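J.: First the structure, then my questions, so here it is.
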Amino acid sequence: MIKLVFKYLEPYNYLQKLRGCSSIAMALKNSGKTLVFVTGNVKKLEEVNAILEGKVKVEARSIDLPEFQGEPEFISVAKCKEAIKHIDGPVIVEDTCLCFNALGGLPGPYIKWFLKKLGPEGLHRMLLGWDDKSAYALCTFAYSSGDPDEEIKVFSGKTPGTIVEPRGPTDFGWDPCFQPDGFDQTYAEMPKDIKNDISHRGKALAALAEYLLSSGEAKKKMRIEEPDGLIEK
């Protein structure tokens with residue numbers, strides 16, 4: 001069973017509340033559980049830790065999971081079900097999409113392979129024949145408490161933008177060719193703290209963090225205590 005908890009959450013107010021709160025880190029240090037992020041991508045792990053600012057203890061584990069096809073939520077949940085076969089405890093997996101509106105949402109969840117073959121410059125060239133250069137970045141996290149009988153929670157974040165000629169450092173995926181709406185810089189050109197506040201991944205993680213703070217299930221599994229007044233209901 002899938003339970004969609006939050007979708008496309010704007011993270012600003014919540015992330016401001018999260019900053020300065022040390023209760024999660026303290027609780028996790030006192031528990032026997034660590035939130036495992038199944039990834040072999042060092043840059044993704046760095047970004048996740050930067051967004052959560054150490055308030056949730058995250059450990060990366062590289063596991064060779066099957067490559068599922070389908071919609072982002074299905075892919076994330078399917079990967080999470082596979083991951084809990086290898087992880088003893090709470091786990092998250094991520095699926096990231098870059099969707100071109102002119103192409104009906106492609107490359108979508110298959111951006112990893114498009115990027116590998118074409119690079120950021122090739123992604124930009126894909127839209128040279130279209131006037132519509134708009135796109136959106138979509139991040140979907142699936143969370144499991146580690147109990148295979150419990151439902152998997154899904155958290156999504158979406159950031160609209162435009163596909164542009166690559167600018168900025170080329171060390172993190174398609175960041176150089178994605179310029180979020182309302183900004184004159186690409187993801188790659190942005191200071192990391194600004195990118196993390198407005199990015200698809202930042203929004204999805206804000207929703208996940210709020211769940212970990214507010215959910216009775218998560219508190220029970222990870223011994224998380226919510227400080228008074230942290231979350232506005």
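Every residue, even glycine, has its Cβ placed from backbone N, Cα and C.
Where the annotation comes from TrEMBL, it is an automatic prediction and has not been curated.
Copied straight from TrEMBL:
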BINDING   39-44, Lys79, 95-96, 172-175, Lys195, 200-201  ITP binding site
BINDING   Glu67, Asp95  Mg(2+) binding site
J.: Using the alpha carbons only, what distance in Å do you get between Lys43 (ITP binding site) and Asp95 (Mg(2+) binding site) once rounded?
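T.: Approximately 15 Å lies between the Cα of Lys43 (ITP binding site) and that of Asp95 (Mg(2+) binding site).
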J.: Near Lys43 (ITP binding site), how many other Cβ atoms are within 10 Å of its Cβ?
T.: 12
J.: I'd like to know which of the binding-site residues Asn41, Lys79, Gly173, Asp175 sit within 10 A of Glu67 (Mg(2+) binding site) at the Cα level.
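T.: The binding-site residues close to Glu67 (Mg(2+) binding site) (Cα within 10 Å), listed in sequence order, are Lys79.
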J.: Among the binding-site residues listed here, Asp95, Asp175, which has the most company in the form of other Cβ atoms within 10 Å of its Cβ?
T.: Asp95
J.: So which one is it: of the binding-site residues Lys79, His200, which has the fewest other Cβ atoms within 10 Å?
T.: Lys79
J.: In sequence order, which same-chain residues at least six apart have a C-beta under 8 angstroms from Asn41 (ITP binding site)?
T.: none
J.: 10 Å Cβ neighbour count around Thr96 (ITP binding site)?
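T.: I count 22 other Cβ atoms within 10 Å of it.
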J.: Which residues in the same chain, at least 6 apart in sequence, have a Cβ under 8 Å from the Cβ of Gly173 (ITP binding site)?
T.: Lys43, Leu115, Pro120
J.: Using a 10 Å cut-off between Cα atoms, which of these binding-site residues sit near Asp95 (Mg(2+) binding site): Lys79, Asp175, His200?
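T.: Close binding-site residues: Lys79.
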